[in-house]
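Participant: There's a structure below that I have some questions on.
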Amino acid sequence: MPVKAYLPLLILLIISGAVYGRFISDYSGDLISDGVSEILRLDRISAAEENCEQSYGFLPCTKTALGNVFLIVVYGYLMFLAATYLSSGSELLLEILGPGLIGGLFLPMLGALPDAMLILVSGISGSTAAAQSQVSVGMGLLAGSTVMLITVIWGTCCIVGKCDIQNSVAVDLKDTKGFSLTGSGVSTDVWTSHAATIMAVSVTPFLVVQLPQLLHSTSGRHLAVLIALIISLTLLVSYCLYQVFQPWIQRRRLAYVKHKHVISGVLKHLRMRALGRLCTDQGAPNIEVLEKLFKAIDESEDGYLSRSELKALVVGIRLEEINLNENDAVEKLMKDFDTSHDQRIEMSEFIAGVAKWLNEARGSKGPSIEAGPDTMKYLADLHEEARREHHFLGDQNDESVEAVENPRSIAIKAVLLLLLGTVIAAVFADPLVDAVNNFSSATSIPTFFISFIVLPFATNSSEAVSAIIFASRKNLRSASLTFSELYGAVTMNNLLCLSVFLALVYARGLTWDFSSEVLVILIVCVVMGVFASIRSTFPLWTSLLAFLLYPFSLVLVYVLDYKFGWS
């Protein structure tokens, strides 16, 4: 096990007595000569010690601001280690088992585990009044994690991963325009846009739980929490199922686009070889032209098109652009044209097949398609459109998949890392919440702002570092992975962590009074979610928009809570 896993624990145990002792020494003062005064001072020390409760009976405890800063740093670092171990174990497990159930269901939940632990312990123990006071730590962490990931980390990834933008697309590995606000940026695939849309939808439970406040009703708040919890859990299950089946959906979508590319390429090629138009003015297939084309392709002159003759037809269509070879294209031609299933295409099947493809092409472009002189330009545009769609689908078929060596040892290491991360997160979540509350009491700074600013850097730092590293590779696939991970992390925060929070509020009968915090989450998620769902290329100026949303969120909460009395 790495040494750094034990170093913070050793430091914590070594200094635990010192932190506790420093608190006692604050009351020592000068030498005491009066016996009565001495008894009174010792009484005050004893009472102070009782008020400072040590976590698990041995972890350090202090009521001083400086001491709690130290504890927050130590416990925060331990939570960072927990998040790092969970992330490393997740990556190893994904390397062995691949996407689907593991990548779509199990690993996203593990990524949100540190946040969920902190939220749970913030209100699960103590009296109802104490839980109501401490639960603001959980809300601060939930809002802070969401806002930090989708603003500060999003903007940083946009800067780190920037490439030159040409024809509204960021060119892979080309970064010559410096920090041009409009000339450089990142591009992502269409699945990343879908992830952004899901992220925007994931704020629905926040709206539901906030309805009684919007209607100025106090009687329905507890019921609204229950309804929001049910909706949040339903959305969480739906999101996990989507993640599980997403690879299958991607393959189906990619196969459709490749089929569309073959259709447009073959029709374009036939149109170039034809001595006339493929369709009449009425849109019907031009039988005379198609018969001449059939005879030109039928080199054996046996009245049938064989596989070898079809392969000769598609050689010049440049299918290598979409990772589809000539044999795959021949299979698609055979599947669509060979209605008799005799592994050869007759003239009637050829004419019917071309007519069918022309109708499909016409349907994909709308009713404005004409069969006149513009057909060639239209087919060229359709071919380019199919190539562009394939690009933004992020096909990874050309990437070699390396076999995993020693899968058994890697699996054991992954499980140990996951267990270690889970144990650290579970053990030190409660002490960290106590340290935040004690620091808030010592400094009169609201716990929300401490947990909003400080704790997300501990629990989400591994995700942030991973996203920035991927973004630095400067290509469409790495950028798509980066931003998809960020949107997925925010979605899991909004669903899993909110479900834990709502269950805690409902089970303990706590009051839901977080209007300003909910408004901040809604604004940031909806703005960034809608913005990222309607476009796939993000110039550098969009990072400024993301960065500005972070201080805006802090200022908005402060103004609404302390100027307008929302809290």
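Each residue, glycine too, has its Cβ placed from N, Cα and C.
Below are the features listed in TrEMBL for this protein:
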- 285-320: domain 'EF-hand' (DOMAIN)
- 325-360: domain 'EF-hand' (DOMAIN)
- 1-21: signal peptide (SIGNAL)
- 65-86: transmembrane segment (TRANSMEM)
- 98-121: transmembrane segment (TRANSMEM)
- 141-160: transmembrane segment (TRANSMEM)
- 223-245: transmembrane segment (TRANSMEM)
- 410-429: transmembrane segment (TRANSMEM)
- 449-471: transmembrane segment (TRANSMEM)
- 483-506: transmembrane segment (TRANSMEM)
- 518-534: transmembrane segment (TRANSMEM)
- 541-560: transmembrane segment (TRANSMEM)
Participant: Looking only at the domain 'EF-hand' (285-320), what is the model's average confidence as pLDDT?
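Facilitator: Looking only at the domain 'EF-hand' (285-320), pLDDT averages out to 79.
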Participant: Sort out for me which stretch, of 141-160, 223-245, 483-506, 518-534, has the most Cβ pairs below 8 angstroms to the transmembrane segment (449-471).
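Facilitator: Highest pair count goes to 141-160.
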Participant: Grab the same-chain neighbours of the transmembrane segment (141-160) for me: Cβ-Cβ under 8 Å, and only residues 6 or more beyond its ends, written as numbers and ranges.
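Facilitator: Apart from its flanks, the transmembrane segment (141-160) reaches 115, 118-119, 122, 179, 185-186, 199, 448, 451-453, 455-457, 459-460, 463-464, 467-468, 471-472, 479, 482-483, 486-487, 489-490, 493-494, 497-498, 501, 517, 520-521, 524-525, 528, 538, 540, 542-547, 549-550, 553, 557.
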Participant: Applying the under-8 angstroms CB criterion, which one of 223-245, 410-429, 541-560 scores highest with the transmembrane segment (518-534)?
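Facilitator: Selected stretch: 541-560, with the most Cβ pairs under 8 Å.
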Participant: When DSSP states are grouped into helix, strand and coil, how many residues of the domain 'EF-hand' (325-360) land in each?
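Facilitator: Residue counts in helix, strand and coil order: 26 helix, 1 strand, 9 coil.
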Participant: What does the DSSP secondary structure composition of the domain 'EF-hand' (285-320) look like, as residue counts for helix, strand and coil?
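Facilitator: Its residues divide into 24 helix, 2 strand, 10 coil.
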Participant: Who are the long-range neighbours of the transmembrane segment (541-560) in its own chain, taking Cβ under 8 Å and residues 6 or more past its ends?
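Facilitator: Residues 143, 147-148, 150-152, 154-156, 158-159, 181-182, 185, 448-449, 452-453, 515-517, 519-520, 523-524, 527-528, 531, 566-567.
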Participant: List, by number or range, the same-chain residues at least 6 past the transmembrane segment (483-506) whose CB is under 8 A from its CB atoms?
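Facilitator: Cβ under 8 Å, 6 or more out: 108-109, 111-112, 115-116, 119-120, 122-124, 131, 135, 138-139, 141-142, 145-146, 149-150, 153-154, 157, 186, 188, 191-192, 195-196, 198-199, 202-203, 205-206, 209, 222, 225-226, 228-229, 232-233, 235-236, 239, 243, 460, 463, 466-467, 470, 512, 521, 525, 529, 532.
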